[in-house]
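Peer 1: Before we start, here is the structure in question, set down as structure tokens.
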Amino acid sequence: MFDRFIVAFLFGLAAGNPSSDDNAPSSLVADAPESLEYLKRYGYLNKDGPSGEVAAASLYSMKSVESALKQAQKFGGLPQTGILDEATKKLFETRRCGLPDVERNATHQGRRRKRFILTSQSWKKRRLTYFLTNWSPKLTRSGVMTELRKAFDAWSKYSRLVFTESRTPSEADINIGFYRGHHGDNTPFDGNGNVLAHAFYPNDGLGGDIHFDDDEDWTINPGEFDEGVDFSAVALHELGHSLGLSHSPEQGSIMNPYYKAKKELGYDDILAMHELYISRRLEEEGDNSDHQDDDGATREPEVPNLPTTPRYTERPHFPDRPHDRPRYPHYPRFPHYPHYHHPFHHHHSHHDHPRPTRPTTEETRPTYEYTTEPTRKTTNYFEVTYEGDDESVERHKDHDHTHGIPPREEPCMDAPSEEDGCRGGFDTVAFFRGELFVIKNKMLWRLSEPGKVLDGYPLDFHRLFSSLPKSLEKIDAIYERSEDSSIMIFSGKRYWIYDGFEFLEGSPRPITDYGLPEEVDSVDAVLSGGNSEVFVFKSDRFWTFNETTKSPVSKNPKPLALFKSLPDNLDAALLYKEEKYFIKGDDFWVSDDKSGLTVRKYPVSASNFWIAC
């Protein structure tokens, strides 16, 4: 039948009456209805008739279909023949974004070197918030967040937009999550392959939100022969939609609709950001904008001179729990089930894309009110008195140069020095929620891996654990509880159970509630074996507890000598990448067998290994 289409087309040309054949119904209606649906779905053919009704398939003429095929081939980087050849059929099966390629209300920038396409929507403010509602079980939350931050940074460089993580989805401008099939936004996913994700242009309701198809084989930084889908590349593309960009036919653009595992913005993407957010004044900004030159003319950016400092900002916050652990003991959270909605997610309404509503139940769930917002810095306002606007410069010098404004109040905290951590003697070292933490006295170092301290650290551990008593001077041990990823914090005769937002289960509680005898006034170190087994060390003894049964394995402690070559009075212990680490002073030992009872002293100092002194 496809051959008859070619013959009919050529016959029409030979007969000298191309117009009659051009207006005849396209053979794709009968021969390749799935290709016709593809062209309709992605905007190459109008879905609606002249009166707004759904267009009948017979209304699509040979000429309109040929034009649509040429346009689709342009977006796919193929020769624009207007023929449904094998290369075009293969293109239609390629993994891609779910948004249309041709937006009827989009603005095409066709002037010199401007090939990007803008929608009619953009953000009216420069500071945007985002929230990760759930994540795929094939990825870790920390991995997803890391790649999202990279994507935000990439767009922020050329837009001067500032992105900050929100504490709740209801307050976020951009909600990000993984979903399957029908998920409440009238654009269902199609399972593994083809459509990878979709996003919504800036607006109310679902505006700005990004949805990933949870049926895809998501991965991060896949190898050359890895068949998985690189989450980083797809996130970078979808965020472009969230900021107001449509698909681009340019093959070097991150906004090309087809998946290429590209991880950097193209030249046209950079120009698009300049057009949307730098060359024009946003509604929240005053009249004194720096987007124009002195003569009033808008200038195109010289790409090398654009800001290169990432504008992403984030407060020091507690790392989030793994995807397969409940959030609260009495309120489980299952982010890998896309139809499960977070209790804080109060959906906005929008006439085009209303947020999915959560089914109501008779069960009354607890609500949590935040009296302070730790992500924001409070600003003190002072009354400033100005003396004589017409005074001379010399007279002005006699005034108080501060103009009566008090100096900025900094946190009451001693500045960290080399001896804070570089002489060892850590109080505790812990690994939870994908990150390492080193604490000495009141100072906390946060690490992505041994020797790699994150920017902005060390800082006072109260900044991370803000609900701990301010009088608390020392943390003896920390570990992550395997059953629900709650953080167990030991100090003196008490311990706290922390979920990242608040303390649970009547915290603080006496360590006797944990199962330790009355005579134990504190712990030296605690090590979670990762299989519900917990070791608690004190002096020359240790206890073993089972977190599932919440009881000691044996009533009597065991001698620390069972760990060959290990000294008494440990400072810290942790499980990291299936190896047990024991630390005392500036020395540390690593388990040398599966039992963990045989250890060897490491030839590098603890301070050098952990915080790169």
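Glycine is no exception: its Cβ is also placed from the backbone N, Cα and C atoms.
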Peer 1: Given that TrEMBL lists Asp427, Asp571 as binding Ca(2+) 4, which residue among Asp460, Asp476, Asp540 does it place in the same site?
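Peer 2: Site partner of Asp427, Asp571 for Ca(2+) 4, according to TrEMBL: Asp476.
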Peer 1: Which residue of Asp153, Asp173, Asp268, Asp269 does TrEMBL report at the same Ca(2+) 2 site as Gly207, Asp209?
Peer 2: Asp173
Peer 1: Can you tell me which of the recorded positions Asp173, Asp209, His237, Glu238, His247 is spatially closest to Asp185 (Zn(2+) 1 binding site)? Compare CA atoms only.
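Peer 2: Out of the listed candidates, the nearest Cα belongs to Asp209.
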Peer 1: Looking at the binding-site residues Asp173, His183, His198, Gly207, Asp209, His211, which ones sit with their CA no more than 10 Å from the CA of Met255 (Zn(2+) 2 binding site)?
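Peer 2: Taking Asp173, His183, His198, Gly207, Asp209, His211 one by one, none has a Cα falling within 10 Å of Met255 (Zn(2+) 2 binding site).
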Peer 1: Helix, strand, coil residue numbers for the repeat 'Hemopexin' (423-468) per DSSP?
Peer 2: 3 helix, 22 strand, 21 coil
Peer 1: Could you state the whole-number distance in Å separating the C-alpha atoms of Asp173 (Ca(2+) 2 binding site) and His241 (Zn(2+) 2 binding site)?
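Peer 2: Checking the Cα atoms of Asp173 (Ca(2+) 2 binding site) and His241 (Zn(2+) 2 binding site) gives a distance of 13 Å.
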Peer 1: Among His183, Gly207, Asp209, Glu238, these being the recorded positions, pick the one whose CA is nearest to that of Cys97 (Zn(2+) 2 binding site).
Peer 2: Glu238
Peer 1: So of all those recorded positions, Gly207, Asp209, Glu238, His241, His247, which one's Cα sits nearest to His183 (Zn(2+) 1 binding site)?
Peer 2: Asp209
Peer 1: List the other residues in this chain whose Cβ sits within 8 Å of the Cβ centroid of the Zn(2+) 1 site residues His183, Asp185, His198, His211, in sequence order.
Peer 2: Gly98, Tyr179, Gly184, Thr187, Pro188, Phe189, Leu206, Asp209
Peer 1: DSSP-wise, what's the residue breakdown of the repeat 'Hemopexin' (472-518) into helix, strand and coil?
Peer 2: 4 helix, 17 strand, 26 coil
Peer 1: Which value does the mean pLDDT take for the repeat 'Hemopexin' (567-613) in this predicted structure?
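Peer 2: Mean pLDDT for the repeat 'Hemopexin' (567-613): 83.
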